[in-house]
Amino acid sequence: MSGTIAVLGAGSWGTALALALARNGRDVRLWGHSPEHTAQLAADRENRKHLPGTRFPNTLIPEADLHQAVAAAADILIVVPSHGFRDLLERLAPILKPSQRLAWATKGLDARSGQLLHEVADELVGPNRPLAVLSGPSFAKEVAQGLPTAVTIAATDDSFGKDFARAFHSESFRVYTSRDITGVELGGAVKNVLAVAAGVSDGLGFGANARAGLITRGLAEMMRLSQALKADPQTIMGLSGVGDLILTCTDDQSRNRRFGLALGQGNSIDEAVANIGQTVEAVRTAREVYKLAQRISLDMPICEQVYYLVTGEVDAETAVRNLMARAQKAEF
Ligand SMILES: NC(=O)C1=CN([C@@H]2O[C@H](COP(=O)(O)OP(=O)(O)OC[C@H]3O[C@@H](n4cnc5c(N)ncnc54)[C@H](OP(=O)(O)O)[C@@H]3O)[C@@H](O)[C@H]2O)C=CC1
Ligand SMILES: O=C(CO)COP(=O)(O)O
């Protein structure tokens, strides 16, 4: 990754990652789907909507035209919400050059097919294109502020993984590499669903014991799913699994946790989403994880109750009662 990198998606995370790359000496084109928003980024040299107070280096250029952003780039990094991932790849498929490698930092599953995002990428712009995913415990605001952060990049191709890691790696942004794309993607998707459960529990005032119990039994669900999908269990014990699970379940910067908190405090789903005003991935991911677990007959009781919550089939207290009423069993 020595040439320009096109970051596609100009929300909080796309902007923070574009800043990390530009500060690390890379030329970056930051594309956003709203021309008004991209014009504001170009005029202010700052993303006032998502990350106020952080000036863009000269090497970070906002770009309203997708074709131009892609044409200028050696490699591509997608950072749109998961519901826009497939559509964006369909737009990219006819314009990507064979030499351009593709990475993403989106967390979630494909809302149309329930597939992992690397399966969608492989289908639409593969099969031989090097692919990579960046994930781990990393709030956009802290990355934009240059606070110490560690993440994982999993790639289909070792040289892409190393190049991509080098493009980001700095004294404040530490990058570990992996080959387990499935494990890294699963951790990033499922932790958002579990963060809703932790938020609900805290919103109901259930205390520290309940939160720790939910995180630990949630980790067991993540582990079970990763084993069923032939991911490496070690990945779940790493940054993109337990690392991001702890971050998102315990800190109120997390939008998924705040969504759960709001439900636990008696707000409706629509009120909670509107008040947060940004992407809350778990609203969709809870459905996809539930369907996936059903399809492969896997027991994921916490994710199941979050699914019933986001579909309005139970309220917060009933979801917790349902979990506590389960039959006694061995821990492992
Ligand atoms: N924020 C964070 O700390 C982190 C986020 N992530 C992940 O990054 C992904 C993006 O989240 P984040 O940047 O935080 O979300 P934000 O809500 O901050 O921003 C999302 C951006 O994407 C735009 N957008 C919405 N739909 C589409 C689409 N179909 N095509 C292109 N752009 C679109 C939105 O535009 P508009 O406002 O017009 O809708 C907005 O600019 C998510 O999967 C999230 O889980 C991962 C790690 C950290
Ligand atoms: O993924 C994240 C941090 O790693 C951000 O979490 P939220 O989407 O819940 O804010």
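Cβ from N, Cα, C; glycine included.
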NAD(+) binding in TrEMBL involves Gly9, Ala10, Gly11, Ser12, Trp13, Gly14, Arg255; of Ala132, Ala140, the partner in that site is Ala140
Record says Arg255, Asn256 bind substrate. Source is TrEMBL. Which of Lys97, Lys107, Lys162 does it list for that same site? Lys107
According to TrEMBL, Ser12, Trp13, His33, Lys107, Ala140, Arg255 bind NADPH; identify which of Glu63, Glu90, Glu171, Glu281 is listed for that same site. Glu281
Taking ligand 1 as the reference, state which of the recorded positions Gly9, Gly11, Ser12, Lys191, Arg255 have a Cβ closer than 6 Å to one of its atoms. Gly9, Gly11, Ser12
Within a 10 Å radius of its Cβ, which of these binding-site residues (Ala10, Ala140) has the fewest neighbouring Cβ atoms? Ala140
Nearest by CA distance to Ala10 (NAD(+) binding site): which of the recorded positions is it, out of Lys107, Lys191, Asn256? Lys107
Among Gly11, Trp13, Arg255, which binding-site residues lie by ligand 2, judged by Cβ under 6 Å to any atom? Arg255
Same-chain residues at least 6 apart in sequence whose Cβ lies under 8 Å from Lys107 (substrate binding site): Ser82, Ser135, Glu185, Gly188, Ala189, Lys191, Asn192, Glu281, Thr285
Students should find that the Cα atoms of Ala140 (NAD(+) binding site) and Asn256 (substrate binding site) sit apart, in Å rounded to an integer, by 14
Considering every residue in the domain 'Glycerol-3-phosphate dehydrogenase NAD-dependent N-terminal' (5-159), what is the mean pLDDT value? 97
